[in-house]
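According to TrEMBL, the features are:
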ACT_SITE  B:53  active site, nucleophile
BINDING   B:111  substrate binding site
DOMAIN    B:8-105  domain 'Pseudouridine synthase I TruA alpha/beta'
DOMAIN    B:144-246  domain 'Pseudouridine synthase I TruA alpha/beta'
């Protein structure tokens, strides 16, 4: 038995999210189906760094599973990609020790969120960014970002639907850049709560439009109340970009 | 009554082609539905520069229709885009004279074709380029292109399914460029037969792979036989880029 870690990319617009759900097309179900075929009917359970919601993309999702198969490590990627649907692609496969866990060993995660400020809709990008054709005050957004970075109770930036109790997370870095009307937010943290990135983006865009002052972030965090933060930005702009582990 | 010309963009992966077909989702049907709503149940027939097949995209398709509505010309784009589905976008609307015809007045058309040479599949681009992960001989492709440019009988580069009798067309320019493993072909001509760009691309890729010599293009053209040319490249890499009219 060996444990393999795979980096995978998928187009969230093709799935009802990452996690298996009855009668839904999910990323996990597609991968487990392929592994079952490769293992001649044996169920192989896949563990991911975390779930992603419907319409949310992954450039570098990380998963692991155990296998008794004697396929050379450099053939695994080709074997998996030849069986997986075109909306999922395996980028890298490596052997890891049996105590590696794709979820529990996560050190930091990076998410990106893409916003198009272009006046015209781009029909080819409709699944891949949030179309938000408004002028934004970048200085205000940058100031608001400063209040989000650090270790905080993020209850106000977490969907009320969560079952997680500990809402304290550390954000190490939030960057944003603009290029040709495309705004990219980059978040690096030790973990993110349910809808946390999308609520942060929704709130930052409201700051950018002048509906909220940057300093409001401080009181929103203090109030620990989801209704105080901004709208949840849509899933189609969100990408799970990279998962880091301890070496 | 006034005649309007619109430049429209659409994502071909969402439609069974441009032209109306029973029980299919087509671009023309969506536009005519919207115009019918705007004209309170009156049928408005839309004329395009030409049809595009299923999965083929448009960045600058050109259409015209006649309308008795008194909407100011600068409001038309907003009105249409607010009613059209997100896979179709109106880029520009202008008033034209009553003898303008989107199809019969075409002077030249530009198509582009995108090929990804990247080893890995890009899940986000699967509908927007042809994934062809092979090394190509660009010098051979450039030489083959020279034989295609000009006025020729393009029977060998036309689907046998066509009903068009005159197969003589003039190609003014074929360019190709590579950027980051993405190859873009650009074709400008006075008209293109059914599948003509896709068969030219399929054949040029076979030349690039060394399966055919560049000079073969001459004999393929002479033979006037579809079976002599290469495979039809898939529709998802093809874009109707721009339609030019006489001023």
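Backbone N, Cα and C define each Cβ position, glycine as well.
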- Message: For the C-alpha pair, I'd like the distance in angstrom between residue B:111 (substrate binding site) and residue B:53 (active site, nucleophile), rounded off.
- Response: 13
- Item | Average model confidence [pLDDT] within the domain 'Pseudouridine synthase I TruA alpha/beta' (B:8-105) | 97
- Note on the structure: Filtered by Cβ under 8 Å and at least 6 apart in sequence, the residues in the chain of residue B:53 (active site, nucleophile) near it are B:12, B:17, B:18, B:195, B:235
- Using DSSP reduced to three states, classify residue B:111 (substrate binding site) as helix, strand or coil. strand
- How many other Cβ atoms sit within 10 Å of the Cβ of the residue listed as 'substrate binding site'? 24
- Item | Reduced DSSP assignment, residue B:53 (active site, nucleophile) | coil
- Structural state census, the domain 'Pseudouridine synthase I TruA alpha/beta' (B:144-246) (DSSP three-state): 35 helix, 32 strand, 36 coil
